[in-house]
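Below is one structure; the comments refer to it alone.
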Amino acid sequence: MKIAVLPGDGIGPEVTREAVRVIEALDLGIAMEEALVGGCAYKAKGHPLPPETLDLARASDAILFGAVGDPDCDALERHLRPEQAILGLRKELTLFANLRPAKVFAGLESHSALRPEVAGAIDLLIVRELNGDVYFGEKGFRQTANGERQGYDIMSYSESEVRRIAHVAFRAAMGRGKRLCSVDKANVLETSQLWRDVIVEVAKDYPEVELEHMYVDNAAMQLVRAPGKFDVVVTGNLFGDILSDQASMCVGSIGLLASASLGERQTAHGTFGLYEPIHGSAPDIAGQGLANPMATILSAAMLLRHSLGLAQAADRIEAAVAATLADGVLGRDLGGTAGTAEIGDAVLAKL
Ligand SMILES: NC(=O)C1=CN([C@@H]2O[C@H](COP(=O)(O)OP(=O)(O)OC[C@H]3O[C@@H](n4cnc5c(N)ncnc54)[C@H](O)[C@@H]3O)[C@@H](O)[C@H]2O)C=CC1
Ligand SMILES: CC(C)CC(=O)C(=O)O
Ligand SMILES: [Mg+2]
């Protein structure tokens, strides 16, 4: 069993280090190999996703990813920017299904941005499509007839792209509360109308799942008003990106939300995938030991469960995280004082 470890930029290496320590402590006989990705890869090798990094990812059973993004690189041409590395990995490896679970940890109800009784009910899963939408459409700058500069990004989904993510979401709903909310903007966008039509077609294969459609603006509101009403949410790349950051603050902090990005490729141990916190490289706190590593540690647990078939080890990590939080070991993002390594130490002690 082999994991490609891609720490990336900013707080990426800080949070990834703690997740690697947790995996090592479990002594599972997993080989781990590191490679450069993002801004640091651009600076060292001239490209945010060097071929050797992609080769390592392909040759591994799973990828543990930190974060990419570096303000020094924001003026580079689009294809050389650090963010292209994570977009490239998702696309090149056909990792189209992004699972972002959001659940309030016992004892953290009062740390949510919402009232404790509202937050306490949150237990939802966002299934975000990851290979299509406006992120991957034709884009560029052009001049209008009157000489103005215009930027454009084409939003589109093909029916096969919607169908495959719909099946992932319906299957996830079957394994949970059998309720699925599909989020779109079909009142305005043709891309969303097709999305909705295909979701309705796929629903026929899952008669036990209660399907609801919701416009994304309403969904953003309902996520704050009554987040406990959601079970599984399925949505496109852009809406899922935004709603999952919002969900993180309903739970308490963006430093708590993990994710798995999966495709169809099976290895000898499970489903090949990439695992990362939902947050970015947080340049505002990078290098200060302030980042909360829980999202990355929980991503490592998802990796063990989905890609390596090590469900018991995953359960151990998740229980250790829950116990650490219940003990009140909290980073600054949750109103506490614990630093990145201190949080990692506390999780190790609870394993
Ligand atoms: N998958 C990825 O690699 C992603 C990369 N990015 C990139 O990251 C860079 C920064 O983007 P932002 O919009 O600032 O989003 P961000 O998620 O990096 O940070 C947003 C805010 O949350 C805080 N934060 C994030 N993670 C935290 C953690 N683990 N513990 C405590 N506080 C945390 C940050 O300090 C900041 O105030 C950009 O270059 C962006 O493109 C953004 C999102 C995802
Ligand atoms: C940096 C972006 C490419 C992606 C993002 O914000 C995310 O996947 O959450
Ligand atoms: Mg995001």
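Every residue gets a Cβ built from N, Cα and C, even glycine.
Among the features that TrEMBL reports, domain 'Isopropylmalate dehydrogenase-like' is placed at 2-347. The substrate binding site feature in TrEMBL is assigned to Arg90, Arg100, Arg128, Asp217. The site 'Important for catalysis' annotation in TrEMBL covers Tyr135, Lys185. The annotation Mg(2+) binding site is assigned in TrEMBL to Asp217, Asp241, Asp245. The NAD(+) binding site feature in TrEMBL is assigned to Gly280, Ser281, Ala282, Pro283, Asp284, Ile285, Ala286, Gly287, Gln288, Gly289, Leu290, Ala291, Asn292.
Features recorded in TrEMBL, as mapped to the structure shown.
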| residue | record | DSSP (3 states) |
| --- | --- | --- |
| Arg100 | substrate binding site | strand |
| Arg128 | substrate binding site | strand |
| Tyr135 | site 'Important for catalysis' | helix |
| Lys185 | site 'Important for catalysis' | coil |
| Asp245 | Mg(2+) binding site | helix |
| Ala282 | NAD(+) binding site | coil |
| Gln288 | NAD(+) binding site | coil |
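Looking only at the recorded positions Tyr135, Asp284, Ala286, the one with its C-alpha closest to Arg90 (substrate binding site) is Tyr135. Listed binding-site residues: Asp241, Asp245, Asp284; maximum Cβ neighbour count within 10 Å falls on Asp241. The average pLDDT for the domain 'Isopropylmalate dehydrogenase-like' (2-347) in the predicted structure is 98. Between the recorded positions Arg90, Arg100, Arg128, Lys185, Arg128 has the most other Cβ atoms inside 10 Å of its own Cβ, all protein chains included.
Spanning the residues Arg90, Arg100, Arg128, Asp217 that the record associates with binding substrate, the maximal Cα-Cα distance equals 26 Å.
Comparing Asp245 (Mg(2+) binding site) with Arg100 (substrate binding site), their Cα atoms are 10 Å apart once rounded. Across the residues annotated as binding NAD(+) (Gly280, Ser281, Ala282, Pro283, Asp284, Ile285, Ala286, Gly287, Gln288, Gly289, Leu290, Ala291, Asn292), the two Cα atoms farthest apart lie 16 Å from each other. Relative to Arg128 (substrate binding site), the recorded positions with Cα atoms inside 10 Å are Asp241, the candidates having been Lys185, Asp241, Ala286.
Among the binding-site residues Asp217, Ala282, Asn292, the residues whose Cβ lies under 6 Å from any atom of ligand 1 are, in sequence order, Ala282, Asn292. For the Mg(2+) site, the Cβ centre of Asp217, Asp241, Asp245 serves as reference, and the other residues of the chain with Cβ at most 8 Å from it are Val216, Ala220, Leu238, Phe239, Gly240, Ile242, Leu243, Ser244, Gln246.
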